[in-house]
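Trainee: Please see the structure below; I have some questions.
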Amino acid sequence: MAEIASNDGNIEAGPNVVNFNSSKKSNDCVPLLHKVVAEVIGTYFMVFAGCGAVVVNLNNDKVLTLPGIAIVWGLTVMVLIYSVGHISGAHFNPAVTLAHASTRRFPLKQVPAYIVAQLIGSTLASGALRLMFNGKDDHFVGTLPAGSDLQAFLIEFIITFQLMFVISAVATDNRAIGELAGIAVGSTIMINVLFAGPITGASLNPARSLGPAIVHNNYTALWIYLVSPVMGAMAGTWVYDFIRCKC
């Protein structure tokens, strides 16, 4: 998910992809096709579980509640990081992929394949949920701002900044405890869903918003969820690069 870090915390040259594991070994030996399939599967199950929790909550008198939905999102991402992080880097998010590419920690030539894979996974999961739950229009599992567009834009920027800051710390710096990477990232997502869910839907992820929008043909305020998370993710990884010790 990032370049290999040297023992003193510096980044070694070359756009190598790092695993979400303790060894921090490169997964460059994994064929691109395998990485792409891992991204499709990972994004599919992330959206299927997370958005599925939203649908179940709507269908069953809000039995899960906001904390329950947040836990589902956080645990799902954590499990998927430990499942395929060593294969694809466990991006599942175009904003993460673009942020790593912007700091030369991910090969630019692989960016289109990753983003397409993430969009396919999200769209397939959203379609499966709509089919299984009878496609009720009032059960839209995409993201919509509860307040103004500016408020939603700023919140999505901030929470994605925080997410990418954490990812940069646990996935690109070998001084971090690698075994806890999944827990750190999953917990960050859970916290952000708890805080921002009622306001923006806590997207943090253009693919997570675009998939349901395509399936439900609802593109209201979609631009916010395509632009703000990418900007926030890039800012988060750049700031971590600035404060990390390179001596």
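Placed from the backbone N, Cα and C atoms, the Cβ positions cover glycine too.
As the structure is a computational prediction, the values presented were derived from the model and not from experiment.
Straight out of TrEMBL:
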- 36-58: transmembrane segment (TRANSMEM)
- 64-84: transmembrane segment (TRANSMEM)
- 111-133: transmembrane segment (TRANSMEM)
- 153-171: transmembrane segment (TRANSMEM)
- 183-202: transmembrane segment (TRANSMEM)
- 222-243: transmembrane segment (TRANSMEM)
Trainee: Kindly say whether the transmembrane segment (111-133) and the transmembrane segment (36-58) touch, using the definition of 3 or more Cβ pairs under 8 Å where each pair is 6 or more positions apart.
Mentor: yes
Trainee: Same chain, outside the transmembrane segment (64-84) by at least 6, Cβ under 8 Å from its Cβ: which residues?
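Mentor: That would be 20, 38, 41-42, 45-46, 49-50, 52-54, 56-57, 90, 92, 181-183, 185-187, 189-191, 193-194, 197-198.
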Trainee: Six or more residues out from either end of the transmembrane segment (183-202), which same-chain residues have a Cβ under 8 Å from its Cβ atoms?
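Mentor: Sequence-remote neighbours of the transmembrane segment (183-202) are 20, 66-67, 69-71, 73-79, 81, 142-147, 151-152, 155-156, 159, 162-163, 166-167, 169-170, 209, 224-225.
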